[in-house]
Structures are given as C-alpha cells and as structure tokens.
Amino acid sequence: MKAPEMGSELDSKPPRRSHTRGFGAGFLVKLALMGLVNAFGLYGIAASATVGSWAICLFLVLALVIADLIYFVPSRRMLPGKYLFPGLLMLVVFQVFVILYTGMTAFTNYGDGHNGSKDEAIAQLTRTYEQRVEGSPERAVTVLRSDDGDLALAAVEDDEVLIGTADQPLAAEESAQTDGDRVTAADGYEVLDYAGVVSASEDLEQLRVPVSGDPDDGSLRTEDGRTAYAWEPTLSYDEDTGSMVAEDGTVYSDSGEGSFVSEAGEELRPGWREFVGFENFAAIFDPEILGGPFVSVTLWTFAFAILSVALTFFLGLLLAMLLNDPQLRGRGFYRAILFLPYAFPMFLSALIWAGLLNTDYGWINQVLLGGAGVPWLENAWLARGSVLLVNLWLGFPYMFLICSGALQAIPSEIYESASTDGAGPVRRFRSITLPMLMVAVGPLLIASFAMNFNNFNVIYLLTGGGPVDLESTTGVGGTDILITFVYKIAFAGGTNDYGLAAALSILIFLMVALISLLTFRRSQALEEIN
C-alpha cells in the first residue's frame, strides 16, 4: 500500500479563515469592541472640535480611521498592525505627545497670569477692572437660556419685559409672560430655576448684557441670578495702538513678554502666553533667580541617586552571598523574610517611616531612644540620612533578588579552579564574582540609577522635600531632588511657572540620558568577561 505524500495531505486541508471574513462569535466580539472604540473616538472628536483643539481633533480622526482599516479590512498585510497599533497609539499619546508638549512649553512663559491667549487676557481685564455705573438702579432679573444655548437676562421695567444676551442689548420682548417683577415664560427662551442657575453659575459670572447700544450705559451683571446692576469697564483696549487705556488716561502697552505694562512699570494681570525663547533656561542658571538652588539641588540629586544605588546593591549582594550557601538551613524562609519590604506598597512604607521618624510622636524617638527629640526630618542633614535609610529599606530586596539569581548562574567549576590555584575568598570575589555579576546586573543598576534620580515618591511622601530653606524664595528644601523641585515650581510654589518647570524637565532628561549612555558604553566592556 502506497503511503500518502506529505505535501498532498497539507494541500488538501482547507486554509484557515480569518474571523474578519465570517460572522461568528469572534467577529461579533470584535464588532462590539470596535463599536465602543468608535463611540469614544467620535465623542473625543466632537469635544475637541467644540473647544477648537483642531490638532487633537485631526489626530483622533486619523487614529480612528487607521484603527477601523486595520481591524476591518480582511488582508494579511493588516495582521501585524492588529498587534502593533494599540501599543504605538499609547506610545504616541503618553510619550511622544508629552515630550513634544513639554518641549513647546519650555520656550513659553506659560504659568500663573499667562494661561490663555491675548484675546482672552483682554476680555478678562475688561471684566475684572469694572466699576458700577453712577446712579444705576438695582434691577430684578430672571436668568434665561435661549434655544441656541446662550444665557440671557430679563428685566421688567414699566410693565415692559426687556431681554438681552452678551451679544444683544436689552430689547423689548412682547411674548414674555410675567409674575410681578419675574419673567415666567418667553418665546425662544427657557426660564432657569434655582438649580439651573446654580449649575450655570460659572457662565453667569462671566455674563455681561449691554443695557443699550451706548457703551457708556454699561452692562448688566448679576452675582446671585436675582438682582443686577449696570457696570462699566475702567479699562478699554485700543486696537490701533494695541494697548489698554485706563479711565484716568494711563496707557498700558504690550511689553512683548505677554503682559500690558505702564510707563511707571505697573503690570496688568492676567497676561497671555508668549514665546520667550531661552529665557527659562537662562533663569535656571541665573544666580539671582534659580542658579543657587539649582546647583545645590542638582548636587544632592546625584548624591542621592548614586548612594541609593550603591547602598542597596552592596547590601543586597552581601545578603545574597550569605544565603547562597547550600549548607545553610532555612534559606527559603530567610529569603522570603528579606523580600517582604519589596512586597509592601512603597507609598505605605514611606508613610509609615514618616510616622516612625516623627520628632515628637515617632516610635524611634519615644520608644527606642527613650523620649529623645532627635529632629530626623527637620534637620537638613538628618533628613537626608533618613531619606537614604528609608530608600535602602525599600530598595535592597530588589538588589537581593537579582543578585541571588546572578550568583546562581555563575558556574561552581570556576570557583573550584580558583581555589585550586590558591585564590582566597577576597580574590575570588574581586576577580570572579563581582565582574561576572556586573555583566548580568549592570543594565539593572543603570535603570536603578535613573529611577532614583527621579524618585519623587520617597522624597515627597517622607519629607515633602523639606526642611524648607527659609532664606530661599523658591521654597526649595534640604531633601529636594530635581523632580520634586520641578513639582514645586509647577504646582506648589505659589507661582505655578509651567514654562520654567518644563525647561527643568528637559535638563533632567538630558542628564539621565547622557549618564545612561556613558554607563552603557562602559558596561559593554564587561561583556568580554563572558
């Protein structure tokens, strides 16, 4: 009997069909998931278009079209894209976009008082600098919302209902119905109840309804949705000169740095976002601005990162070598105990240590030291030592874990040959263990350095960057590293200078990238040991 040929059997089997060509359960699941993706995508497109974020809108359109093509077009060429597209999309959103946005922000004055555009700043200034029109009466008003979604105010005067919006002065509305001095209905408008007024309070605060076509009559403004007064701006924008003119004739000219400034040096706030070139980078190195704190924080950042890596590595290596002895009983139990600090959430451990090190109520001072008032977190040098101690507690189990694995990978025959040649324990460690260990853990040490260089959590949760230097105007503290320094400048310093913080972030990135590049090149020399 003749055996069937292998090729004929393979050729006789029908090719496996992709679920994109059929209508089975897999296709229905994919259809449901892509339906959700398209729903969220269309919502994002509509929302971004509504607020005028056209770049985000265009990105969402392209991403949605590409996703539909990849997952619905039945082509083998699309198969790699099904696996790569989600990761690439997340990479663009959470990495590329963040890097580009940070880079653009670093060259602007973006921060408190410089958040929006010039037109928004002008509108805000005219609303902020107002005064009540002399002799203007108090008016009972009703808050309405037009069919177009615009807020409106209605007032009853001499048995006549006047309705106006931000773009339309008060005008008579014959279709309106009233109940005393309140409007109860009007064609084309919805009368807002108390809940509606409260929900629209932010927009209502910005609403200005012209009393008439004459700007000198002012505009109605209400704070409670029931009464209103006529207010007039004390600042006006002169389009011919591009300056703000006050009621007393003072001229505030465009300073070229995102604000209006008078000849006397008085600056109007808010300003607007403006391109400032390398001013933020110059401010970092200017001794009168950030130069002094920047140097001290940078030195401590390098010291903290280097000492953290060195201490955790050598303690982890020491424990790994002690527990690598096969004759030691209970090695598994000891290893499990040593791994516990790494198993607990880091932020919980840091908060617990902050309580233990408290000067007045901490367990270390009150119990171990018999009521001593050692300022572990209030003295700059003691706080730095405490930070290193806590980071050692949190980091040595990781080093212990990787060193244990690397030690077990070293062949025992090498140690036997070295012992035969008369090498002692110190010589074996220096010539065999450490070099071969560095081949395996070298890249991990570089990654650990980069992580500790930006170890925001330990610093912020344990000391908050403190103790604060009272002589500094930046709020910098004794344990602040660069990343916590950036956080304070951007969010906790009172000025919220995002442009300066973005410039510092770029410098941090360059420092870590340069150090990582140099150390990776040096670590390649260790590969010759293999």
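Glycine is treated like the rest: Cβ placed from N, Cα and C.
Automatic, uncurated: that is what TrEMBL annotation is.
TrEMBL lists 21-45, 51-71, 83-104, 299-324, 336-356, 387-410, 431-451, 498-520 with the feature transmembrane segment. Under the heading domain 'ABC transmembrane type-1', TrEMBL lists 298-519.
In this chain, the transmembrane segment (498-520) lies in contact with the transmembrane segment (83-104); the count of Cβ pairs under 8 Å, excluding pairs fewer than 6 apart in sequence, is at least 3. Fewer than three CB pairs closer than 8 A are found between the transmembrane segment (51-71) and the transmembrane segment (336-356), and contact between the two stretches is not assigned (pairs 6 or more residues apart).
Counting residues 6+ beyond its ends, the transmembrane segment (21-45) has Cβ neighbours under 8 Å at 56-57, 60-61, 63-64, 67-68, 71-72, 74 in the same chain.
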